[in-house]
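Below is one structure, written out as C-alpha coordinates, with a few remarks after it.
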Amino acid sequence: MALPNQGTVDYPSFKLVIVGDGGTGKTTFVKRHLTGEFEKKYEPTIGVEVHPLDFTTNCGKIRFYCWDTAGQEKFGGLRDGYYIHGQCAIIMFDVTSRLTYKNVPTWHRDLCRVCENIPIVLCGNKVDVKNRQVKAKQVTFHRKKNLQYYEISAKSNYNFEKPFLYLARKLAGDPNLHFVEAVALKPPEVPIDLAMQQQHEAELAAAAAQPLPDDDDDLIE
(Lines of atoms letter the chains of each structure in order from A and count residues from 1; the text may use other names and numbers.)
(Lines give C-alpha, C1' and ligand atoms only; values in the text may rest on other atoms or scores of the structure.)
Protein backbone atom coordinates (compact mmCIF):
# COMPACT_ATOMS: atom_id res chain seq x y z
CA MET A 1 0.00 0.00 0.00
CA ALA A 2 2.00 2.97 -1.23
CA LEU A 3 1.33 6.48 -0.05
CA PRO A 4 0.12 9.15 -2.47
CA ASN A 5 3.56 10.74 -2.70
CA GLN A 6 5.33 7.45 -3.41
CA GLY A 7 5.88 5.92 -6.79
CA THR A 8 4.43 2.44 -7.11
CA VAL A 9 6.52 -0.50 -8.26
CA ASP A 10 5.70 -3.12 -10.87
CA TYR A 11 6.08 -6.04 -8.45
CA PRO A 12 3.99 -7.10 -5.44
CA SER A 13 4.03 -4.61 -2.57
CA PHE A 14 2.37 -4.73 0.84
CA LYS A 15 1.73 -2.37 3.72
CA LEU A 16 3.47 -3.73 6.83
CA VAL A 17 2.61 -2.06 10.13
CA ILE A 18 5.08 -2.38 12.98
CA VAL A 19 3.70 -1.85 16.48
CA GLY A 20 4.86 -2.21 20.07
CA ASP A 21 5.87 -0.08 23.02
CA GLY A 22 8.29 2.81 22.55
CA GLY A 23 11.93 1.81 22.92
CA THR A 24 11.50 -1.80 21.85
CA GLY A 25 13.70 -1.29 18.77
CA LYS A 26 11.17 -0.97 15.94
CA THR A 27 12.94 1.94 14.25
CA THR A 28 16.37 0.35 14.72
CA PHE A 29 15.01 -2.81 13.13
CA VAL A 30 13.67 -1.23 9.92
CA LYS A 31 16.74 0.99 9.59
CA ARG A 32 19.04 -2.02 9.30
CA HIS A 33 17.90 -2.38 5.67
CA LEU A 34 20.09 0.08 3.77
CA THR A 35 17.98 0.70 0.66
CA GLY A 36 14.83 1.11 2.73
CA GLU A 37 16.60 3.68 4.88
CA PHE A 38 17.79 5.52 1.80
CA GLU A 39 14.33 5.70 0.21
CA LYS A 40 12.17 6.32 3.29
CA LYS A 41 9.42 8.95 3.16
CA TYR A 42 7.88 10.91 6.00
CA GLU A 43 4.09 11.24 6.00
CA PRO A 44 3.32 14.18 8.32
CA THR A 45 -0.46 13.81 8.28
CA ILE A 46 -0.20 10.48 10.07
CA GLY A 47 3.17 11.04 11.72
CA VAL A 48 4.93 8.01 10.32
CA GLU A 49 8.04 7.17 8.38
CA VAL A 50 7.48 4.69 5.58
CA HIS A 51 10.47 2.54 4.65
CA PRO A 52 10.22 0.60 1.35
CA LEU A 53 12.07 -2.68 1.98
CA ASP A 54 12.71 -4.85 -1.08
CA PHE A 55 13.52 -8.55 -1.01
CA THR A 56 14.35 -10.82 -3.96
CA THR A 57 12.63 -14.21 -3.88
CA ASN A 58 12.67 -17.24 -6.14
CA CYS A 59 9.35 -15.89 -7.50
CA GLY A 60 10.62 -12.37 -8.14
CA LYS A 61 10.90 -9.19 -6.10
CA ILE A 62 8.60 -8.23 -3.25
CA ARG A 63 8.33 -4.93 -1.41
CA PHE A 64 7.17 -4.20 2.12
CA TYR A 65 6.18 -0.62 2.85
CA CYS A 66 7.15 -0.64 6.53
CA TRP A 67 5.18 1.90 8.53
CA ASP A 68 7.15 3.10 11.54
CA THR A 69 5.37 5.18 14.17
CA ALA A 70 8.24 7.64 14.73
CA GLY A 71 7.70 7.36 18.49
CA GLN A 72 4.12 8.59 18.71
CA GLU A 73 3.06 5.44 20.58
CA LYS A 74 4.73 6.96 23.67
CA PHE A 75 1.84 9.43 23.85
CA GLY A 76 -0.91 6.83 23.89
CA GLY A 77 -2.41 4.58 21.26
CA LEU A 78 -2.03 4.94 17.52
CA ARG A 79 -4.66 6.41 15.24
CA ASP A 80 -6.68 4.08 13.06
CA GLY A 81 -5.11 5.74 10.01
CA TYR A 82 -1.88 3.98 10.91
CA TYR A 83 -3.52 0.55 10.67
CA ILE A 84 -5.99 1.06 7.81
CA HIS A 85 -5.16 -1.04 4.73
CA GLY A 86 -2.45 -2.88 6.68
CA GLN A 87 -1.82 -6.21 4.97
CA CYS A 88 0.62 -7.72 7.46
CA ALA A 89 2.15 -6.77 10.80
CA ILE A 90 5.00 -7.17 13.26
CA ILE A 91 4.38 -6.74 16.99
CA MET A 92 7.63 -6.09 18.81
CA PHE A 93 8.58 -6.30 22.47
CA ASP A 94 11.88 -6.03 24.32
CA VAL A 95 13.05 -9.20 26.09
CA THR A 96 14.81 -7.00 28.68
CA SER A 97 11.51 -5.33 29.69
CA ARG A 98 8.60 -7.33 31.12
CA LEU A 99 6.23 -4.40 30.66
CA THR A 100 6.69 -4.36 26.88
CA TYR A 101 5.64 -8.03 26.74
CA LYS A 102 2.73 -7.41 29.11
CA ASN A 103 1.44 -4.80 26.62
CA VAL A 104 1.59 -7.13 23.59
CA PRO A 105 -2.08 -8.22 23.98
CA THR A 106 -3.18 -4.56 23.84
CA TRP A 107 -1.23 -3.97 20.62
CA HIS A 108 -2.66 -7.16 19.16
CA ARG A 109 -6.21 -6.12 20.07
CA ASP A 110 -5.81 -2.63 18.57
CA LEU A 111 -4.30 -4.10 15.41
CA CYS A 112 -6.97 -6.76 14.90
CA ARG A 113 -9.78 -4.26 15.53
CA VAL A 114 -8.81 -2.53 12.27
CA CYS A 115 -6.96 -5.24 10.34
CA GLU A 116 -8.80 -8.55 10.41
CA ASN A 117 -7.17 -11.82 9.45
CA ILE A 118 -3.77 -10.51 8.39
CA PRO A 119 -0.52 -12.45 8.98
CA ILE A 120 1.22 -11.25 12.15
CA VAL A 121 4.69 -11.97 13.52
CA LEU A 122 5.57 -11.44 17.17
CA CYS A 123 9.23 -10.47 17.67
CA GLY A 124 11.17 -10.49 20.92
CA ASN A 125 13.99 -8.01 20.30
CA LYS A 126 17.34 -7.38 22.05
CA VAL A 127 18.21 -11.04 22.60
CA ASP A 128 21.87 -9.96 22.40
CA VAL A 129 21.49 -8.47 25.91
CA LYS A 130 22.66 -10.84 28.64
CA ASN A 131 20.16 -10.10 31.42
CA ARG A 132 16.89 -10.77 29.63
CA GLN A 133 13.80 -10.39 31.78
CA VAL A 134 11.37 -12.27 29.53
CA LYS A 135 12.61 -15.85 29.23
CA ALA A 136 12.03 -17.77 26.03
CA LYS A 137 9.75 -20.27 27.80
CA GLN A 138 7.60 -17.43 29.18
CA VAL A 139 6.62 -16.20 25.73
CA THR A 140 3.24 -17.85 25.16
CA PHE A 141 1.01 -15.15 23.63
CA HIS A 142 1.78 -16.21 20.06
CA ARG A 143 0.55 -19.72 20.80
CA LYS A 144 -2.75 -18.44 22.17
CA LYS A 145 -3.37 -16.31 19.08
CA ASN A 146 -1.71 -18.54 16.48
CA LEU A 147 1.01 -16.04 15.61
CA GLN A 148 4.55 -16.74 14.42
CA TYR A 149 7.25 -15.86 16.98
CA TYR A 150 10.91 -15.05 16.37
CA GLU A 151 13.66 -13.95 18.71
CA ILE A 152 15.66 -11.19 17.05
CA SER A 153 18.46 -8.74 17.71
CA ALA A 154 18.16 -5.69 15.51
CA LYS A 155 21.59 -4.37 16.44
CA SER A 156 23.36 -7.61 15.56
CA ASN A 157 21.16 -8.42 12.52
CA TYR A 158 20.26 -11.75 14.16
CA ASN A 159 17.19 -13.29 12.46
CA PHE A 160 16.53 -10.03 10.58
CA GLU A 161 15.06 -11.73 7.51
CA LYS A 162 12.88 -14.31 9.27
CA PRO A 163 9.82 -12.12 9.98
CA PHE A 164 9.84 -10.84 6.39
CA LEU A 165 10.22 -14.33 4.92
CA TYR A 166 7.33 -15.66 7.02
CA LEU A 167 5.08 -12.77 5.97
CA ALA A 168 6.12 -13.07 2.30
CA ARG A 169 5.22 -16.78 2.30
CA LYS A 170 1.84 -16.09 3.88
CA LEU A 171 1.03 -13.23 1.52
CA ALA A 172 2.11 -15.21 -1.54
CA GLY A 173 0.38 -18.37 -0.35
CA ASP A 174 3.59 -20.27 -1.06
CA PRO A 175 5.33 -22.06 1.85
CA ASN A 176 8.31 -22.84 -0.40
CA LEU A 177 9.06 -19.23 -1.29
CA HIS A 178 12.57 -18.21 -0.26
CA PHE A 179 14.93 -15.27 -0.55
CA VAL A 180 17.61 -15.69 -3.20
CA GLU A 181 19.77 -12.64 -2.47
CA ALA A 182 21.25 -11.43 0.78
CA VAL A 183 19.79 -8.10 1.88
CA ALA A 184 22.18 -5.16 2.25
CA LEU A 185 22.21 -4.49 5.98
CA LYS A 186 24.17 -2.14 8.20
CA PRO A 187 27.15 -3.86 9.84
CA PRO A 188 26.32 -5.44 13.22
CA GLU A 189 26.74 -3.00 16.12
CA VAL A 190 26.87 -5.65 18.83
CA PRO A 191 27.97 -9.29 18.88
CA ILE A 192 25.50 -12.07 19.64
CA ASP A 193 26.25 -15.19 21.66
CA LEU A 194 25.02 -17.84 19.24
CA ALA A 195 25.48 -20.67 21.74
CA MET A 196 23.29 -18.84 24.25
CA GLN A 197 20.72 -18.13 21.56
CA GLN A 198 20.62 -21.79 20.53
CA GLN A 199 19.84 -22.56 24.16
CA HIS A 200 16.96 -20.05 24.08
CA GLU A 201 15.67 -21.59 20.85
CA ALA A 202 15.76 -25.02 22.49
CA GLU A 203 13.80 -23.60 25.45
CA LEU A 204 11.23 -22.23 23.00
CA ALA A 205 10.86 -25.61 21.32
CA ALA A 206 10.50 -27.37 24.68
CA ALA A 207 7.94 -24.82 25.87
CA ALA A 208 5.91 -25.29 22.69
CA ALA A 209 5.38 -28.92 23.66
CA GLN A 210 3.93 -27.97 27.07
CA PRO A 211 0.27 -27.14 27.78
CA LEU A 212 -0.50 -23.44 27.69
CA PRO A 213 -0.76 -21.72 31.08
CA ASP A 214 -4.12 -20.16 31.98
CA ASP A 215 -2.57 -16.71 32.03
CA ASP A 216 0.75 -14.87 31.98
CA ASP A 217 0.65 -13.62 35.58
CA ASP A 218 3.89 -15.40 36.43
CA LEU A 219 5.65 -13.22 33.88
CA ILE A 220 4.45 -9.79 34.90
CA GLU A 221 4.62 -9.74 38.69
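Each Cβ is built from the backbone N, Cα and C atoms, and glycine gets one as well.
Among the features that Swiss-Prot reports, domain 'Small GTPase Ran-type' is placed at 10-174.
DSSP assigns LYS126 (GTP binding site) to coil in the three-state reduction, outside any helix or strand. The GTP binding site annotation in Swiss-Prot covers 21-28, GLY71, 125-128, 153-155, and the record cites similarity to another entry as its basis.
Mapped onto DSSP helix, strand and coil, the region 'Switch-I' (40-48) counts 0 helix, 4 strand, 5 coil. What Swiss-Prot records for 40-48 is region 'Switch-I', and it gives sequence analysis as the kind of evidence.
Positions annotated as region 'Switch-II' by Swiss-Prot: 71-87. Mean model confidence for the region 'Switch-II' (71-87) is a pLDDT of 78.
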